[in-house]
Amino acid sequence: MSPETLVQTPLSVPLQFTTADFDRYVMSTYARFPITLERGEGCRVWDSEGREYLDFVAGIATCTLGHAHPVMVEAVHQQIQTLHHVSNLYYNQPQGELAQWLVEHSCADRVFFCNSGAEANEGAIKLARKYAHTVLGISDPVIITAHASFHGRTLATITATGQPKYQKNFDPLMPGFYYVPYNDIAAIEQAVALLDSSERQVCAILLEALQGEGGVRPGDQAYFQRIREICDEKGILLICDEVQVGMGRTGRYWGYENLGIEPDIFTSAKGLGGGIPIGAMLCKSFCDVFQPGDHASTFGGNPFACGVALAVCRTLEQQNLLENVQARGEQLREGLRSIAANYPHLISDVRGWGLINGLVLNAEIELTSSAVVQSAIEAGVLLVPAGPKVVRFVPPLIVSAEEVDQTLRAVEQALATVS
Ligand SMILES: *Cc1c(COP(=O)(O)O)cnc(C)c1O
């Protein structure tokens, strides 16, 4: 089946359905930009007025292979007509093969599948707590997380998230979390010592290798290596939230590979299925303490999601996309740095790894990341804020040199407009 046949099928709402109609029926949990996206191909999407945009959001670091990629079209078609869902009461081959691929391309030994990043982190938190109770003998376990982190929107994961704006009005929060500033070695040493001298004991440290939502802030090697030592000394678990930076986004399969350490547990979601909902929680065998009945998910690991994710994983490998991520990332950062040099009053930094990059706006001025994003939409490029002062660039990993250049020209135009 060709992609054309798919878009012609009138699955969607009639054309006269307006954004006001949308807002009448859908809960307003998002401040949406006022365009309706209708169709995509590669790194481009089109809105309901036929306007074309370069998509440097990719569903927030999710559409690994862009839109309507032939491999995904084929995998979706093939899997839906073979077997799309059965319970985890039975074995299914795509789940097993995807787990094998993930284990062979990471430091992990075992995989649990679920449907989202938050759910993967919930699984990691449950696994760490069970490890604390059954192996470490800790009755009141604490997980240390970082300020400005982001781990999801369920109650446990907003608690893990070290940003009060996500927690406000949702208390009582989950007990068992403690926060430290990111990339601060002295602070984490103090926190571990403080907690150890109290009734509560640390069972795990949960961190992003690069903080995505918190402003595209890369982790320091020395910081993560010291944390690895602390975890080894105390027998506690290092958990990396790889939901945004995993699956090739940084130019390596996993974000932690940029830091010279291996976590004991890590989570994946966004890019894993290329836009098909899937999440995974992976661990080394020594901390795989789950037994039948401990944890579950109805949809998790179904043949449909796993079959498509497996096709995405194999394409990432077979087409050497990591090389493209590194080259296009260099090109993008270099281009953004030369634009930044023309606007020293607006931009204070350009930072990131591979194809997750942030343009950091000057803290002293009023300009917000949303204003720049709005202006970039008008110039034909989709970008996404990472907090109020950082504009994030997370295109599909298949992005071409020409598309990066075109985006750089649009960013220049957008900044000229807002300045
Ligand atoms: C997006 C994100 C999550 C949450 O993922 P959902 O699929 O929205 O639940 C968790 N952690 C990080 C680092 C993320 O970027």
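Here the Cβ of each residue, glycine as well, is placed from N, Cα and C on the backbone.
What TrEMBL records for GLY117, ALA118, PHE150, ASP241, GLU242, VAL243, GLN244, THR298 is pyridoxal 5'-phosphate binding site. According to TrEMBL, the feature N(2)-acetyl-L-ornithine binding site maps to ARG153, SER297. Residues or ranges marked as N6-(pyridoxal phosphate)lysine by TrEMBL: LYS270.
The Cβ of SER297 (N(2)-acetyl-L-ornithine binding site) has 18 other Cβ atoms within 10 Å, all protein chains considered. Of ALA118, PHE150, ARG153, all annotated as binding-site residues, the residue with the shortest Cα distance to LYS270 (N6-(pyridoxal phosphate)lysine) is ALA118. The candidate set comprises the binding-site residues ALA118, VAL243. Of these, VAL243 has the most other Cβ atoms within 10 Å. Checking the binding-site residues ALA118, GLU242, SER297, THR298 for a CB within less than 6 Å of any atom of ligand 1 leaves ALA118, listed in sequence order. Residue pair ALA118 (pyridoxal 5'-phosphate binding site) / ARG153 (N(2)-acetyl-L-ornithine binding site) shows a Cα separation of 6 Å.
ASP241 (pyridoxal 5'-phosphate binding site) and SER297 (N(2)-acetyl-L-ornithine binding site) have their C-alpha atoms 19 Å apart, to the nearest angstrom. Here the recorded positions are ARG153, LYS270, and the one with the most other Cβ atoms within 10 Å of its Cβ is LYS270.
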